[in-house]
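Peer 1: Can you read through this structure? Questions will come right after.
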Amino acid sequence: MASGISRTPATGVTAGGGDDEEAAWLHALELISGFTVSMTLKAAIQLGLIDALTAAADGRALTAGELVAQLPAVDDAEAATSVDRMLRLLASFNVVRCSTEAGPGGDPLRRYSPAPVCRWFTAGDNHQGSLAPRLMLDVDEDNLSTWHQMAAAVVSGGPSAFERAHGMPLFEYMGTNHRFNMLFNQAMSQQSMMVMNKLLDRFHGFDGISVLVDVGGGTGVTLKMIISRYKHITGVNFDLPHVISQAPSLPGVNHVAGNMFESVPKGDAIFLKSMLLRNDEECIKILKNCHYALSDNGKVIVVDIVLPETPKPVPEAQNPLRMDVMMLNNLRGGKIRTEQEYAKLAMDSGFSGSFRTTYIFANFMAIELCK
């Protein structure tokens, strides 16, 4: 390997040394090619690389060759080179860690180990939840194709980009595409598991509730988690008939089929997790039905991502703002809201009592709307 390489920077310029024009150029390139990180991470998960790095004995860092030995590769040498290049990119984004040593021929040999973020991309502990299914959903071809319709949807109004791409709204499409429906449900259930674990640790608004109604509760997994911690609660899992028909029998949970736009079962408290991502008119209709179903001193507990009032270039703002534009793309009238917008929804729906918020995790908040 040549050792006499030298580099002379342009006069007055040091690489990465504060040239504003260069910094803006590199930022532009990052925005253009950011998808390469998501797609490379997807491939790394599909190949089992993240799981293998996380499961390595005694935290040992592995070479690309050692990782490829576990794969059914046709050409191990070629595959090892490809894996090394993939992990090298992920290391530059702090997805994995990289150390370098001298290889057998004197060339650099890179070893990789998991960075902290890998815990959210492994199959791992089923009770923790994983973001791997969420990644697979977001970069799925059925999702990515919809973004090409975003500009047309903005100009034309009416149908969302998703609806323009697939000829029908998101949830209707899920009913026709079993593969995509399974992908969506797995992503949502895994993310919900993570959020609910944090909610049960940090939110104490379930004390004193006798009957808790989970509107849009799916197969009852969320209620099962709540009741395992608050055993005095009787749960009512409320969802559409075709969902309830698949719900298993759960101790302390009564499954009820219906439509939240028509009526909601009565209870001391009503739980709405990720149900108010719709337009204002639909959200107010849901909340008014909840208000009617509550006992005199009852409350609605909303658990959702909350937007910051001001956009800032920090992850705490970027994450909810990305989600908001995903709602714009996928659902007609869909949106993420600020605290003030939730407060207005509550007032417009008849909730005149206290409005309390508890920060949970990763921009999720628990919002209590008291009757």
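Heads up, the Cβ atoms here are built off N, Cα and C, so glycines get one too.
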Peer 1: Say Swiss-Prot lists G216, M260, K273 as binding S-adenosyl-L-methionine: which of D201, D207, D239 is in the same site, per that record?
Peer 2: D239
Peer 1: Could you check which of 75-93, 170-188, 284-302 is flagged in Swiss-Prot as region 'Substrate binding'?
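Peer 2: Based on what Swiss-Prot states, region 'Substrate binding' spans 170-188.
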Peer 1: Based on Cβ atoms within 10 Å, give me the single least packed residue among the binding-site residues L137, D138, E141, G216, K273.
Peer 2: E141
Peer 1: If H, G and I count as helix, E and B as strand, and all else as coil, what does DSSP give for E141 (substrate binding site)?
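Peer 2: For E141 (substrate binding site) - judged by DSSP and reduced to three states - the answer is helix.
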Peer 1: Far apart in sequence but close in space: which same-chain residues, 6 or more away, have a Cβ under 8 Å from M260 (S-adenosyl-L-methionine binding site)?
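Peer 2: Long-range Cβ contacts: V215, G216, F238, M275, I286, N289.
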Peer 1: Specify all same-chain residues, apart from the site residues L137, D138, V139, D140, E141, D142, N143, whose Cβ lies within 8 angstroms of the center of the Cβ atoms of the substrate site, ordered by sequence.
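Peer 2: Once L137, D138, V139, D140, E141, D142, N143 are set aside, the remaining close residues are M136, L144, L183.
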